[in-house]
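Before any comments, here is the structure.
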């Protein structure tokens, strides 16, 4: 999944 908080990244 990807997140923008606290930094943009995908796992």
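Every residue, even glycine, has its Cβ placed from backbone N, Cα and C.
Here is what Swiss-Prot records for this protein:
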DISULFID  2-10  disulfide bond
MOD_RES   11  tyrosine amide
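Sequence-distant neighbours of residue 10 (disulfide bond) (same chain, 6+ apart, CB under 8 A from its CB) are 1, 2, 3. In sequence order, 1, 2 constitute the residues six or more apart from residue 11 (tyrosine amide) in its chain with CB-CB distances below 8 Å.
The number of other CB atoms found within 10 A of the CB of residue 2 (disulfide bond), across every protein chain shown, is 7.
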